[in-house]
Structures are given as C-alpha cells and as structure tokens.
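**Q** So that we are looking at the same thing, I have put the structure below in structure tokens.
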Amino acid sequence: MAARGLLWLAAAGLALAEPRYRPDWASLDARPVPAWFDRAKVGVFVHWGVFAVPAWGSEWFWWHWRGEHRADYERFVRSRYPPATTYADFAPLFTASDFQPREWARLFQRAGARYVVLTAKHHEGFTNWGSPVSWSWNSVDTGPHRDLIGELGQALRESNIHYGLYHSLLEWFNPLYLTDKESGFKTQSFVLQKTMPELYDLVLRYKPDLIWSDGDWEAPESYWNSTSFLAWLYNDSPVKDTVVVNDRWCNNCSCHHGGYYNCADKYKPGTLLTHKWEMCSSIDKLSWGYRSNMHIDELMDEASIIEELVQTVSFGGNYLLNVGPTKEGVIVPIFQERLLALGRWLDINGEAIYESKPWRVQMENSTNSVWYTSKGPVVYAIFLTWPQDSLLKLSSPVPSPDMQVTMLGLAGALKWQKSPDKGVLITLPYVPPSLVSAQSGWTVKLEGVQ
C-alpha cells in the first residue's frame, strides 16, 4: 500500500511538472510572454559602443566606411584621424571616463522607464563586458577597462528597473562569420565559437530580464541554432520563468517567431495586434548611436514622443525610447531633457499607461488625437489636442447614469452630458492658452461606461 502511494505521488508530481519546451518554433512560440513585460509599457534603449568614438553618421559607421566605402565616411576619417587609421584604433578612445551608472539609473527612473535595454554587443562585435570569446575587443581588455554591463545592471536593479541586453547575432567583419557566409551558411564556426558562447555567458553571468536579439537577417535558424538556445533559456536557464525575448532570431522570424514582436525598427502596426509587441524609437531620428553632427530639428520633440507612446500603448504595445551616450558615457543634456519631459508627463498620466490594457476602441475615428486605454471597468481617454471651447466630445463611450469623469492630475469631478447623437460631451476645466501650448496630452478617467 505504501509503495502504491509513493507511485501515485510520483505520478502526480510528474503531472504537475512544468512543460518543457522543444527546440522548434511550434513549441517555443506557445510560451506566454512573462507578465511583467506587458505591465511595464515604457522602456529606455541605450546604444553604446565604439561607434560613439567617431560619433558621426550613425552606429553603422564601420559598415558605411569599410563595408560600403562611402565617400562621405572616408572623407570624414581622412579629415579627423591619422593616415592608416583602422576601426580598431577607435577602441582605446572609448573611455567611458564619465560613466556614472547610478546617475543613468536615476535619470531612467525619472523618465518613467520600467525597463532598460543596453547594447551588450552591436554588429561591430565589440562587447561591453569581458567576453571570454572576444579577446582584446571588449570593454574590460581595452577602452574603459570596465564591465559596463555589470555596473549598469547593478545600478538598475538597485532602482527596481528591469534590465535587458541587446545582442547582435552577426558581426560584420568577423573572419569566422565571413567564412560561414561564404559557405552559404553551411558551416557554423562563428555560431559555435562566438555567438552562442556569448549568449550563454550573458545569461549565466548577468541573468537579464530581457534579451533583445538583432543581426538575424542574413541567415536561417538552422545556422543560428536559435531554437536550441531558446529551449535552454525557457527550460533550464536561471531566468527561465522571467526572461522576455523579442522576435529577431532568424532571417524569417521577425513578426512570426520568438517572444514579443518588434517586426521592424520604429514599427507602427496602426491597429490592435493579438500578439504582444514593442515599438522601438529613437530621440535622434537619424541614428541610434550618439553623433556629434546632429541638429535640433533632427530630434523628436516632447509632443512627438508622447504621441508615439500613447498610440503604441493603445494598440497593446510597449514603447522603447532610445538614447545614444557619448564615448565618455555622458547622456547629453538634450536627450536628458526629452527623457525628463516624458517622465513628467507620466507622473501625471501614468495611471492610463502602466499596467493598462487596450479598450474595445483604440481611437476616435473622427480624430487622430484621442486614444483609449483601460484597466478593468475603468476607461481612459488620452487627448493630444486641447479641444475648442474646452469641450471634449467622445463618441465611443456609452455612459451610464452614474458615470464619473475626472481628469488625471486634477482634483474633483468634471461635468458631462450625453451627446445629442452618441457618446458624451465633457466640460474641461479652464486652462490658460499658455499652459495648453506647453503640454503634450491630457487624460480623462471614465468610470461607469461601456
């Protein structure tokens, strides 16, 4: 009898065991995206690497210079650096001498970011930690002589901010990669000796909350071994229950396989998606890395950032806003100003953003300036343009007799009435024109609507 009972307990334990994911897309795609990511809504992207040394054009500097031999990049190097300069010569100049990780964390916290994604390695192959398979081409052996990933991770976690790592599968000029590419990706020397060892090292060493994969577009999954890595990540890694990944794991994965969808840089679906997704955007509209030749009219203003955020969250997405620090590790004041403006807006309106869900209607059809989110029975209408005569018309909500309307950031209820056709008319408080022009969106909270 006792033996039979033990057998029953063992069988019950097996039945209750978590399912193991197979190394194929059908199994891996069935894994739910961990809930923290959908609740977070707002993140900051940080593109930082050796490309911050020339700080010109974009973070694709090396490729435009040596891969495409663009004349403007060649002229730039000739005019600024000694003859015979190579890209490797930039690494010692990537000093991070002013990098203060706790100051970064405080800035990101004030910006309202619930997660931060740092480039562990971009397509140039330089790693921001002491990668054991990136000899002399990493931030510990040269340049800063610091573990940039580890330092920022500690500061972010002290601030209760989730930590994500961007990692490029490919490296433009790595000889192993170029040899595999020449073979039509029939050989896997680069994957087995470089890409996969680095991914496993990042997970085991830093236990990231998110892996933002990139550099996938030239080769299929059979080359990258992505499904094998993801099966280990979901089944046996130290972050198996909490880690979030995106969809850039092979040349036909984007918007189809992986975790949440990126689909493309600055992706705007324009409709409600059934799958969790993220829009990554950059304050500098022409680059992700820092460039010294940027102009003010090439940067996103506060209103544009708020509009992208609101549209993204209304359609069920997360918003990941990018900054590029200097080679010294400074986030320049204009980027700080934009981040702090976002944070001030979220201080008032964050209730309508964080942990929200899309409503049955995402936007008013009659205008592109009113967007909806919800939390349970509560509906939020975020309007980006102050209406004429301070009378806000919302066609989509169906009011109940005891509907309550308030405005985030203000005390007291607002007056409302049924619209003659459909919806409601809300009388907004008087706001001086100077204050209206200085703000970038407001939120009314509707309780008791359908």
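Cβ coordinates come from backbone N, Cα and C, glycine included.
Automatic, uncurated: that is what TrEMBL annotation is.
Just lifted these from TrEMBL, have a look:
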type	residues	note
DOMAIN	13-351	domain 'Glycoside hydrolase family 29 N-terminal'
DOMAIN	362-447	domain 'Alpha-L-fucosidase C-terminal'
SIGNAL	1-17	signal peptide
SITE	Cys280	site 'May be important for catalysis'
**Q** Give me the count of other Cβ atoms within 10 A of the Cβ belonging to Cys280 (site 'May be important for catalysis').
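**A** Around Cys280 (site 'May be important for catalysis'), other Cβ atoms within 10 Å: 21.
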**Q** In the domain 'Alpha-L-fucosidase C-terminal' (362-447), how many residues does DSSP put in helix, strand and coil?
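**A** The counts are 9 helix, 40 strand, 37 coil.
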**Q** So what's the average pLDDT for the domain 'Alpha-L-fucosidase C-terminal' (362-447)?
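**A** Averaging the confidence scores along the domain 'Alpha-L-fucosidase C-terminal' (362-447) gives 91.
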